[in-house]
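K.L.:
Heads up, here are the entries from Swiss-Prot:
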type     : residues                               : note
BINDING  : GLN163, LYS338, ARG367, SER368, LYS389 : (2R)-2-phosphoglycerate binding site
ACT_SITE : GLU205                                 : active site, proton donor
BINDING  : ASP242, GLU286, ASP313                 : Mg(2+) binding site
ACT_SITE : LYS338                                 : active site, proton acceptor
Amino acid sequence: MSEIVDIYAREILDSRGNPTLEVDVFLESGAFGRAAVPSGASTGEREALELRDGDMARYLGKGVLKAVDNVNNEIADELIGMDADDQVAIDNKMLELDGTEFKSKLGANATLGVSLAVAKAAADEAGLSLHKYIGGAGARELPLPMMNILNGGAHADNNVDIQEFMIMPAGARCFAEALRMGAEIFHALKSVLKGKGYNTSVGDEGGFAPNLKSNEEALQVIMEAIVKAGYKPGEDVLLALDVASSELFKDGIYTLENEQQKQKTAAQLIDFYEDLVNRYPIISIEDGMAENDWDGWKLLTDRLGKRIQIVGDDLFVTNPRILKEGIQKGIANSILVKLNQIGTLTETLEAIEMAKRAGYTTVISHRSGETEDTTLADLAVAVNAGQIKTGSLCRTDRVAKYNQLLRIEEELDDCALFRGHDVFYNLKK
């Protein structure tokens, strides 16, 4: 009864007004799954290919009708008749059909849409929530959220170099409380920014995007907002950064336009981070070095990897092969997991399992171009990731994930776990 009888893709819009892919999967029993695919702004060089049409007469070349056609024809022809509950076989069939390292034939947006829609259809067939279907009886840990409340870099039209300044309400007793704390700090930050005469428009991920005097001023206004909301920095709330350093790196030098010393070597940039970590309750730095600066990554990990979470995003691109090399070389201590970087659920789960076996933490993440799809909320609980990064406390495309986590926590009731500070299990206390 779990046999796939139809697969259908369509072109829809993401949160930035760009086309993306949505896929429906129908089973013989009448069970149904639907998934929409996200899209990134700052992307790693080794990410699986997001197939776009390139036809400038439609959506400025960003249409996805080629990917839609690949799903409705080539992929559907191969998968119709297969069992939806055999996720590995289905994903492997698509990998075989594509035959390229980065899914450049079918497009990772095509394969991911199908992969996730199949999982949702199988969950519907089994009468299970998606997190229970993927993770089984042990899926019960609600993630500590990384809330991106101030944006810079490629996520905003301002003069701030660092792409994301995030809060982590680690002192909360449950996810619902963490969400409330984050929302209160978000509104306090708006008040702080207004009081200083700054613009309170928001960026792609719902965080404020003011023109500030320096990158450090972003930390200062967030600290002020935490206190204004009635919380203690370092106890109730921790800070996290996504530097997106690949965007700042050229010819072996990092350029931060908003700093007095604009150009920095890898060692000087690490000195800059260490100084911030010493003065602010920063627990996590993502993409602190450029994706191809592996020597810089090693220096950063050796210097700060026992004290804070060093997260690889563009570095690892959710790719088990690249992650394995990083583990062997002692680079980073955490992986950011983005489903569309690799393009199938099976490969995503493989990367998560590999990271956990190596003692790396895992952070399940959205992209800057999102939809109302809430799959990543279920995935975070399914794999007991412990952390999720899904934007600020406004914009429905971000809040949809938080609201889904509230529902999951309610469903799990007394079985739900929320670890707070303890999610950083690989750091020295």
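For all residues, glycine too, the Cβ spot is worked out from N, Cα and C.
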K.L.:
Give me the CA-CA distance between ASP242 (Mg(2+) binding site) and the residue listed as 'active site, proton donor', in Å, as a whole number.
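P.N.:
Per the Cα atoms, ASP242 (Mg(2+) binding site) and the residue listed as 'active site, proton donor' stand 13 Å apart.
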K.L.:
From the Cα of GLU286 (Mg(2+) binding site) across to the Cα of GLU205 (active site, proton donor), what is the distance in angstrom?
P.N.:
16
K.L.:
With H, G and I counted as helix, E and B as strand and the rest as coil, say where DSSP puts GLU286 (Mg(2+) binding site).
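P.N.:
Its secondary structure by DSSP: strand.
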K.L.:
Sequence gap of 6 or more, Cβ distance under 8 Å: name the residues on the same chain that satisfy this around GLU286 (Mg(2+) binding site), in order along the sequence.
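P.N.:
The answer is GLU164, ALA240, LEU241, ASP242, VAL243, ALA244, VAL311, GLY312, ASP313, LEU336, VAL363.
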K.L.:
For a quick check of packing: other C-beta atoms within 10 Å of the C-beta of ASP313 (Mg(2+) binding site), how many?
P.N.:
29
K.L.:
Around the recorded Mg(2+) site, report the further residues of that chain (criterion: Cβ within 8 Å of the mean position of the Cβ atoms of ASP242, GLU286, ASP313; site residues excluded), sequence-ordered.
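P.N.:
Result: GLN163, GLU164, LEU241, VAL243, ALA244, ILE285, ASP287, VAL311, ASP314, LEU336, LYS389.
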K.L.:
Can you count the other CB atoms that lie within 10 A of the CB of the residue listed as 'active site, proton donor'?
P.N.:
30
K.L.:
Looking at the binding-site residues GLN163, SER368, which one has the fewest other Cβ atoms within 10 Å of its own Cβ?
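P.N.:
Minimum Cβ neighbour count within 10 Å, taken over the binding-site residues GLN163, SER368, occurs at SER368.
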K.L.:
Check LYS338 ((2R)-2-phosphoglycerate binding site) against DSSP and tell me helix, strand or coil, would you?
P.N.:
coil
K.L.:
Would you count the other C-beta atoms found within 10 angstroms of the C-beta of LYS338 ((2R)-2-phosphoglycerate binding site) for me?
P.N.:
25
